[in-house]
Amino acid sequence: MIKIAPSILSADFSNLAVEVDKVSNAEFLHIDVMDGHFVPNITMGPLVVEAIQNKTDNFLDVHLMIEDPDNYISDFADAGAQLITVHTEACPHLHRTVQNIKEQKVKAGVALNPATPLTVLENILPDIDLVLLMTVNPGFGGQKFIDTILFKIEKLRNRIEEEGLDIDIQVDGGIKPHNISKVVEAGANVIVAGSAVFGAEDPGQAVKDLKEACMG
Ligand code: DX5
Ligand code: ZN
């Protein structure tokens, strides 16, 4: 089953409770945390997760685009995160970081920037619940989808199937109704969409449109 993860990065921050309610027909809610170091933008922290966690029944998916994520994992878990995804490029001790996430009894995800090869997952894949393949360079909403990642998605899906693992493949960046079927066909099953959902007049309808467009 395909799961849609609206990113609140493109939502109206002055009205977050109302905004998240509009996408209750999606499965996930994607929260983009940026620190101004790992990426050239600053967004939100655990306080925002805590503020919205009882305003939604969607699965709370926290994407950490920050340096030294270990320092904040328990804060996000306490705030209500159900999945915490860290960037492999920010984690010199990735195995330890994944264990830290698991100790908090939340799901663990690992994100890869567009130029990061799948080989970095070699010795961590069986330990994680989700791989996030970035389809833009992280930092901002509303960027253009990078086409060459489709082959990377396909390669990872094949590897997961070959090894009989139960791991979600999430894609993030530039996903719209016109290209969602390509990423789904390549093997992604959790689809982040920011501007396509919260940039639309009716975000609930935009979620529906994305689900329908999955079929191609
Ligand atoms: C990019 C973020 C994305 C972003 C997606 O750094 O991780 O989640 O909000 O936004 P769109 O769908 O507008 O590309
Ligand atoms: Zn994201």
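Even glycines carry a Cβ here, placed using N, Cα and C.
Whatever TrEMBL says is automated annotation, not expert-curated.
It should be emphasised that the depicted structure is a prediction, and the values quoted were computed from it without experimental measurement.
Annotated substrate binding site per TrEMBL: Ser7, His63, Gly139, Phe140, Gly141, Gly142, Asp172, Gly173, Gly174, Gly194, Ser195, in sequence order. Under the three-state DSSP scheme, His63 (divalent metal cation binding site) falls in the strand class.
Annotation note: His30 (divalent metal cation binding site) sits in a strand segment as assigned by DSSP. Counting every protein chain shown, the Cβ of His30 (divalent metal cation binding site) has 29 other Cβ atoms within 10 Å. The divalent metal cation binding site annotation in TrEMBL covers His30, Asp32, His63, Asp172.
Taken from TrEMBL, the feature active site, proton acceptor applies to Asp32. Within the same chain, residues at least six positions away from Asp32 (divalent metal cation binding site) with a Cβ under 8 Å of its Cβ are Ser7, Ile8, Leu9, Thr43, Met44, His63, Met65, Gly141, Gly194.
Counting every protein chain shown, 25 other Cβ atoms lie within 10 Å of the Cβ of Asp172 (substrate binding site). Marked as active site, proton donor by TrEMBL: Asp172.
The local packing around Ser195 (substrate binding site), expressed as other Cβ atoms within 10 Å of its Cβ over all shown chains, amounts to 18. With respect to ligand 2, the binding-site residues Gly139, Gly141, Asp172, Gly174, Ser195 contribute Asp172 as residues with a C-beta closer than 6 angstroms to one of its atoms, given in sequence order. Taking a C-beta cut-off of under 8 Å and a sequence gap of six or more, Gly174 (substrate binding site) has these contacts in its own chain: Thr135, Val136, Gln143, Lys144, Phe145, Ile146. Sequence-ordered, the extra residues of this chain that approach the divalent metal cation site, with Cβ no more than 8 Å from the Cβ center of His30, Asp32, His63, Asp172, are Ala5, Ser7, Leu9, Ile31, Asp61, Thr85, Leu132, Val192, Gly194.
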